[in-house]
């Protein structure tokens with residue numbers, strides 16, 4: 001219990017850090033009256049959208065809560081509620097700060113680049129520490145209540161089902177927040193760009209564009225609240241799945257409690273290292289913003305090695321722990337698995353930055369292709385998006401095989417848990433992005449001097465890269481996390497099948513095989529494989545419809561009031577925000593339910609056709625693998641490709657020199673071609689790609705809960 005109390009203390013410290021950082025950010029100067037007016041409009045729009053989104057989610061959540069109570073138990077229903085409320089709170093509070101930090105960053109940037117970086121990063125760190133702290137507190141305190149006052153054994157089915165339900169609560173919030181926020185932000189961005197930049201020829205963030213405020217609102221609801229919910233879910237479900245595997249593999253042994261506490265201890269230690277790492281983010285003498293951010297990330301990673309060693313030593317020691325599936329597990333090997341998790345994180349960050357960073361080969365190749373036209377830009381962008389999947393996949397494969405050889409599936413789970421231990425710092429890097437983007441918009445709309453805009457542009461360019469890098473991390477950890485969930489599903493299934501006397505539904509079922517000679521397994525793989533593509537297609541269509549509505553709205557305002565373009569009258573910003581809010585909420589419902597219902601359709605569909613429970617469970621398991629494999633490639637391809645398109649466009653804003661030495665500036669034909677590519681890449685990287693993440697995990701969580709419901713019944 002001492003370890004558990006220490007873990008809870010780490011979670012509380014994370015929340016205290018967020019409170020301190022919030023006070024520090026809000027105490028900063030808000031700039032002049034015009035800047036505050038623009039910031040207030042962004043803030044009101046973001047809060048109005050989020051309030052409506054959470055109201056919609058709450059209606060769905062109440063139904064799921066009652067179903068969890070009826071089909072499982074009151075403890076499962078409470079677990080679901082904890083996961084949903086804390087996930088929503090992390091995103092809402094983080095966004096509450098980011099929509100106030102934007103104007104303060106713009107004002108600080110007018111003093112110095114270092115001051116602007118300090119406020120923007122501190123604002124991002126608030127969201128990051130809330131995600132890690134609240135997720136850890138939710139799981140650890142609920143586990144403490146279940147195994148303490150309620151007197152349940154750590155591997156009791158009630159404990160396991162309640163923790164899985166907590167993960168499902170986080171998942172439900174995540175998929176709605178990711179998809180709804182993505183539709184809103186890219187509907188505004190694409191629609192505003194098509195009319196503003198392409199038709200009217202006005203720059204980005206020009207106050208004459210009626211979609212400008214909606215675009216800035218979208219940055220917050222998509223990249224701040226959406227990413228927070230996504231990584232909260234990955235964090236929570238991975239820790240829960242690792243605890244479930246610990247309960248299955250070490251049940252009935254002396255190390256059962258330690259095996260379930262170990263992932264919590266790792267996350268607690270990594271929260272401390274992330275907090276320390278934030279204090280190292282300072283602009284150096286060379287003025288490199290990315291260098292300052294990486295300094296904090298590297299310090300966090302190095303200190304996490306020490307934290308991992310302490311967690312291993314306290315929970316297990318370094319010697320033999322036990323034998324799982326004929327494999328001897330040692331504390332030393334688990335520590336090495338954790339190191340591999342940290343290495344995978346570092347490699348994915350480096351690879352994603354290579355594919356999306358300015359002045360790197362992939363981005364330069366898209367910029368060069370823009371010189372010959374719109375079509376060649378799109379072709380090269382698609383080529384980069386496909387190519388960008390190879391290296392991350394090889395790294396993930398290496399991580400899976402090496403950790404499995406060292407400590408079996410539990411070792412793989414520990415590697416993923418260690419990856420997610422860094423979530424506090426990684427989310428801080430991501431939430432830094434929308435703050436700097438908004439700061440640039442405020443500087444432009446408020447007519448601040450060019451020097452200020454130069455500073456905010458430098459921060460925004462780095463913010464674009466950090467957003468892409470964190471998406472790569474989120475996808476890699478989601479794919480590996482889903483693999484851990486699949487391991488929990490297959491081992492849970494074995495457990496129920498072997499204990500048919502206790503669980504009558506599974507009686508006489510025998511061993512379930514995922515053999516590819518079984519046609520139901522192949523059918524399950526194909527069905528699972530189609531889900532990420534169908535889901536991505538629906539998401540892209542939704543953005544297209546939302547963008548179309550914004551195009552019509554902006555054209556209408558320009559047509560009805562010529563004074564807008566002349567600068568003598570103001571556009572109606574609120575009308576565009578309201579239109580997008582309604583569109584995003586309407587469009588997110590059906591695709592969000594797709595990954596929730598898919599596992600149920602597979603299981604009951606195959607059961608109805610074959611009449612065999614074993615075949616139905618095999619098909620369901622295969623469909624989970626299909627979702628994981630295809631989802632991983634679809635998500636990496638979309639996010640890296642979209643990020644590369646975006647930064648290729650940014651290359652022209654500073655002036656791009658092609659292979660013949662000709663310089664192409666903003667407004668040139670090559671720049672216009674790059675805007676077309678960015679328009680395609682925007683929903684790729686900010687809507688469909690990131691939303692595939694929670695879709696991968698939620699299918700696996702639903703499958704785990706289905707087993708629990710059938711066993712309970």
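Just so you know, glycine gets a Cβ as well, placed from its N, Cα and C.
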Same-site residue for Ca(2+) (record: Swiss-Prot; known: 678, 682; options: 515, 561, 578, 646): 646
Stretch carrying transmembrane segment according to Swiss-Prot (options 490-510, 616-636): 616-636
Residue in 29, 430, 437, 457 which Swiss-Prot records at the Mg(2+) 2 site where 216, 219 also bind: 437
Given ranges 1-21, 190-210, the stretch to which Swiss-Prot attaches the annotation transmembrane segment: 1-21
83-103, 104-124 - the range that Swiss-Prot marks as transmembrane segment: 83-103
The transmembrane segment (381-401) in contact with the transmembrane segment (616-636), cutoff 8 A, at least 3 CB pairs, sep 6+: yes
Cβ-centroid neighbours of Ca(2+) site 646, 678, 682, 8 Å, sequence order: 189, 642, 645, 649, 677, 679, 680, 681, 685
Contact between the transmembrane segment (616-636) and the transmembrane segment (468-488) (at least 3 Cβ pairs under 8 Å, separation 6+): yes
Positions whose Cβ lies under 8 angstroms from the transmembrane segment (468-488), at least six residues beyond its ends: 227, 230-231, 234, 237-238, 241-242, 244-245, 248, 344-345, 348-349, 351-353, 356, 392, 395-396, 399-400, 409, 412-413, 415-416, 419-420, 423, 426-427, 429-430, 621, 624-625, 627-628, 631-632, 635-636, 639-640, 643, 646-647, 685, 689-690, 692-694, 696-697, 700-701, 703-704
Closest-packing stretch to the transmembrane segment (126-146), where packing means Cβ pairs under 8 Å, from 1-21, 50-72, 296-316: 1-21
Intrachain neighbours beyond the transmembrane segment (239-259), with Cβ under 8 angstroms and 6 or more residues off its ends: 3, 135-136, 139, 143, 154-155, 159-160, 163-164, 166-167, 267, 315-316, 321-322, 324-325, 408-410, 413-414, 416-417, 420, 481, 484-485, 487-488, 491-492, 495, 704
Candidates 1-21, 164-184, 296-316, 334-354, 520-540; stretch with most C-beta pairs under 8 Å toward the transmembrane segment (50-72): 164-184
C-beta crowding around residue 230 (site 'Important for ion transport'), within 10 angstroms: 34
